[in-house]
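Undergrad: Would you mind keeping the following structure in view while I ask a few things?
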Amino acid sequence: MLLWVSLLVLAPVTGQSVTEPKPVISLHPPWTTVFQGERVTLTCNAFHFSAKYRWYFEETSYETFSNTLEVQNSGEYRCQAQNSPLSNRVPLLFSPANLILQAPLDVFEEESVVLRCQTRAKTGLNAVMLYKNGKFLKALENISDFTIHQASLKDNGIYHCTGVKEDGHYVSSNSVEIQVQELFPPPVLTASPTNFIEGRAVTLTCLTQPVPQRPNVQLQFQFLRDSWTLESDWRSSPEFQITTIWREDSRSSYWCQARRVTSLVHKKSQRFQMHVQSVTAEIRIYTYPELPLKGQKLVIICSVGGIQEPITFFWYKRTNKLSRRTKIHTSSEREFRIPVLTDSHAGEYCCVARNRHQSFFSDLVTVNVKVPVSPPILTLSPPGARTLEGDVVTLLCEVQRGSLPISYQLFRKGVLLKKIGATSWRTTSFQLFLTEEHSGNYYCTADNGFGPQHSTAMSLSVYVPVSRPVLTLRTPRAQTVEGNMVELHCEAQRGSPPIQYQLFHEDVALESSSSPFGRGATFNLFLKAEHSGNYICQANNGLGVQRSDTVSLSVRVPVSRPVLTLRTPRAQAVEGDMVELHCEAQRGSSPILYQFFHEDVALGSRSSPSGGGAPFNLSLTAEHSGNYSCKADNGLGAQRSEVMTLSVIVPVSRPVLTLKVPGAQAVEGDMVELLCEAQRGSPPILYRFYHENVTLESSVSHSGQGVSFNLSVTAEHSGNYSCEVDNGLGPQCSEAVTLHITGRRPTSDSSRNPSDSDSQEPTYHNVPAWIELQPVYSNVNPKGGDIVYAEVQSIPGKSKHAVASAPGLLKNTMSPTTCLPSHLRPASLWPSAACSLPQDSSVIYSQVKGPSTPASVPQLMAPSAPHR
């Protein structure tokens, strides 16, 4: 069963109770819990004499003349004295348990409280323990009591006991809640009378009283104004009288505190202010001069108006706010004179104008014996120290003389930084947590009411370590190109000048520059290829070196004029060869694009990603002859090589030998023209004519056209004719042409008529199979006869005719390499495609395909005498 210790409710303390106080029930023994069968005596304590008492138990009551009652039943009890209200309820528990926890009815602060874990007689319990709020508190060995000394709010809680029977079973007691009550409530301060008039007395009363359960507790009281006691000792009386109140007392707060005589615990009242009213009158106090200086004459004047005379003036002085006023002079004059003002005259003055009926009080006037401040001196502490950003320095502003209080101000560049109000020191300090902005001229002022005095200006330089510099690259174009002037600018955003800047290329120092005003430094480079790489800069102002981040510089080099070279498999460029055109610029940043040109017509391009040259391959034809050039470009301007001329030498083709005779048949004395022509081949071309493989004539054609040879024929000139061409790339021989010479032509022979010699002149020729592919030649047989000849439709120019006039001069010089007709050449000589004709040969072979002569059988003709 949970029992509640009753709480005391007091009526408000206002000097007298609102209602009759309740009686208080006390217990004997003092416990609210006892064993069944035991008895408890209740006493009804009334605060006045009563002849009758009424007791209440649960729903029943009865009246008696005694204030005591012996009970043995559990329940709530109350009592009532005659004409009094009912007491508080008192719960009692008569427990049948073997273990109970006993506690007093009321527990008050600072009292000792006994809690008893009581075991029923003849009940053996071991290991009795006491718990608070369910937590173990103490083991009660050989004792049953637990004492709480100097009870306080921390002892509030729910308590119970446990024990162990001899058979080992646990036993738990009832629970009791302890609530510590105040011994007396906080006091209330009252004042009488409640209408506060200046010059009158006021009685202060500190109202409180002990609780009814402790009527014999003695209390002490103390009265205070603001933070100061009105008297030094505690008093047993709750009253204190202020004999005279003044208007300035309205600015003060009054309060009181009470304590138990044997205790150090105080309880304070609320503060209150007395609004002191003054009697309506015109009274004013002032000084002349208003701001007196030490050594001057001072007059304090009390000006009154509306007060009936005669008036007596009383002069009071208070040295400081904690002291009481002291009467210093009484006079019928309204002036109080101080001939020579000294420091002892400083203080607060007031005057009281009194007539036969009433006194009138002036306000206070303060007399400060002032000495103007001397000009202050501003110093840096510690002196001579180098001030760095982040340091804390102290600026001391000191005056050598001057009346207190003194106000100080600190200025930088004429701008107020800090202000210290009126102080009682002639030296004050200003602390600064230094930043770069604190550099400048400082001065301080001191003022004690006579105008500020300025110190001499003091210069303070705050040194700032350099920050990490920033290196920037400034170029005239988007890319850094060799030959450009670039600017590397190094700048630290913060740092005290002068700052030394130094530039590094791949950690090699290049140059340095000093910036006397803290700005950055600029380094100019006239770019070369070797300037590519990583750059950093460093800044140093003597407070530590800082390095920038790395800046990479890649110098682009324009291409130089490329060189075009020809790489051939032999000394000359021959049609059909594979040649390589190689274009290369000796300098220039990659990638480089190379273009190849033939007669200013682009052939193609090649890219060189990592520099170096580029090749371009050609399989040569005759059309590839001409002027070649190449161009190199890496985006910084194209460069073109010099022109290179390529002459493609074309091997001569197999020549065609053509014989032209004046008539239908070649006869002695005719002038026969032998024309040898190669359709292809680069000049110069050497032509050789052969008769039966004996060289007749040789001639060089510098234009590449065919060469003709005129021969005045005789019978000996019959036979096989051939020609050979050679331009240094290997000779080519024509097919053999057979010429048959008959007797002399009659003079009347119409075939000798010069007028139609061109149209009727027979032509003997050899035509290789491939010549039919050439459009300038054609095979004709205009008369449908058996004579076959080739007609050259157009021969653009002829070589100078060479005439073999003397057959006797021709020599037979045939050799194994002689150019014989294929059907006459020995088998052992046939594989050879080359032939050489001696130039001194004069034997002439000709083969004429006539109507009765098979084409495959040549006729060997006897030489005839040459024409003259």
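The chain as shown is numbered from 1 upward.
Cβ atoms here come from the backbone N, Cα and C positions, even for glycine.
Copying in the features that TrEMBL gives for the protein in this structure:
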type: COMPBIAS; residues: 744-757; note: compositional bias 'Low complexity'
type: DOMAIN; residues: 23-91; note: domain 'Ig-like'
type: DOMAIN; residues: 96-177; note: domain 'Ig-like'
type: DOMAIN; residues: 185-273; note: domain 'Ig-like'
type: DOMAIN; residues: 294-368; note: domain 'Ig-like'
type: DOMAIN; residues: 376-461; note: domain 'Ig-like'
type: DOMAIN; residues: 469-552; note: domain 'Ig-like'
type: DOMAIN; residues: 562-647; note: domain 'Ig-like'
type: DOMAIN; residues: 655-738; note: domain 'Ig-like'
type: REGION; residues: 742-763; note: region 'Disordered'
type: REGION; residues: 849-868; note: region 'Disordered'
type: SIGNAL; residues: 1-15; note: signal peptide
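Tell me about the surroundings of these features in the structure.
TA: For the domain 'Ig-like' (96-177), the predicted model reports an average pLDDT of 89.
Note: the domain 'Ig-like' (469-552) comprises 3 helix, 47 strand, 34 coil (DSSP; helix = H, G, I, strand = E, B).
Note on the domain 'Ig-like' (562-647): DSSP counts are 3 helix, 47 strand, 36 coil.
When the domain 'Ig-like' (655-738) is classified with DSSP, helix, strand and coil residues number 3 helix, 46 strand, 35 coil.
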Undergrad: Would the domain 'Ig-like' (376-461) count as touching the domain 'Ig-like' (185-273), i.e. at least 3 C-beta pairs under 8 angstroms with sequence separation of 6+?
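TA: Stretch pair does not touch.
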